[in-house]
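As recorded in TrEMBL:
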type    : residues                                               : note
DOMAIN  : 4-229                                                  : domain 'tRNA methyltransferase TRMD/TRM10-type'
BINDING : GLY116, ILE136, GLY137, ASP138, TYR139, VAL140, LEU141 : S-adenosyl-L-methionine binding site
Amino acid sequence: MINLYFLTLFPAIIDEYFSESIMKRALEDNIIRIHSINIRDFANNKHNRVDDYPYGGGAGMVMQAPPIIRAIKSIEHYQEIPIIFLTPSGTTFNTKECQKLTLKLKACKSIIFLCGHYEGVDQRVIDRYVTDEYSIGDYVLTGGELPALVLADSIIRHIQGVLGNAGSLTEESFESNLLEYPQYTRPQKVEDMSVPEVLLSGNHAQIKKWRKAKSLEITQEKRPDLLKKEK
Ligand code: ADE
């Protein structure tokens, strides 16, 4: 059983994501367990306040350290678990980073995602407790929940038993640094468009060759930078 902890002000966003499709099944099959922890529950003041004005002035509010630290410490063995902070200033997440995190998760069976909001999180939480900082791209979102779910989803699908067909992992984009070949399904005719003849041929060697060629062609056209990495 893999434990995923999300420290957030909006636990409903996290719970909603795990209530459908493959993630729902992974929960039902007891492969993963989701703990969406509301930082506000650790506020210990009358108005459940968790943010305050930044020292030195400036726009926006900053999430205070004490409630977040108490939330972290509510997790058993938190010292032995990677604590991932989602921030635009983190390492850009990609398939290589995903593999690294998946290995860590397989080793310690737990991972903690800290989702920030407002203008930021008191730096002292990051300095003392966070083990890794990740960004999902060069744009700014309103909170860390979506990035945390992006990381969680891409990691969870590498856990044994989550995907029905293990082959779908090795064949897909980025695992081989090539983009995926196009897929077709019934009906055979859509408006005036047909399915490439070779896919109907039943000749598996030819199909494999065609798919590899298509992958290369599409990667060359859309992401030539990936081919450079391949070499
Ligand atoms: N929080 C806000 N924007 C983000 C991004 N692009 N990646 C990770 N965390 C974020």
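Residue numbers in this text run from 1 along the chain shown.
Keep in mind that glycine also has a Cβ here, set from the backbone N, Cα and C atoms.
Automated prediction, rather than curation, is the source of TrEMBL annotations.
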Quick one: which of the binding-site residues (ILE136, GLY137, ASP138, VAL140, LEU141) have their CB closer than 6 Å to ligand 1?
ILE136, GLY137, VAL140, LEU141
Among GLY116, GLY137, the most crowded of the binding-site residues [Cβ within 10 Å]:
GLY116
Intrachain C-beta neighbours of VAL140 (S-adenosyl-L-methionine binding site), sequence separation six or more, cut-off 8 angstroms:
PRO88
What is the pLDDT of the domain 'tRNA methyltransferase TRMD/TRM10-type' (4-229) when averaged and given as a whole number?
95
If you count CB neighbours within 10 Å, which one among the binding-site residues ILE136, LEU141 has the smallest count?
LEU141
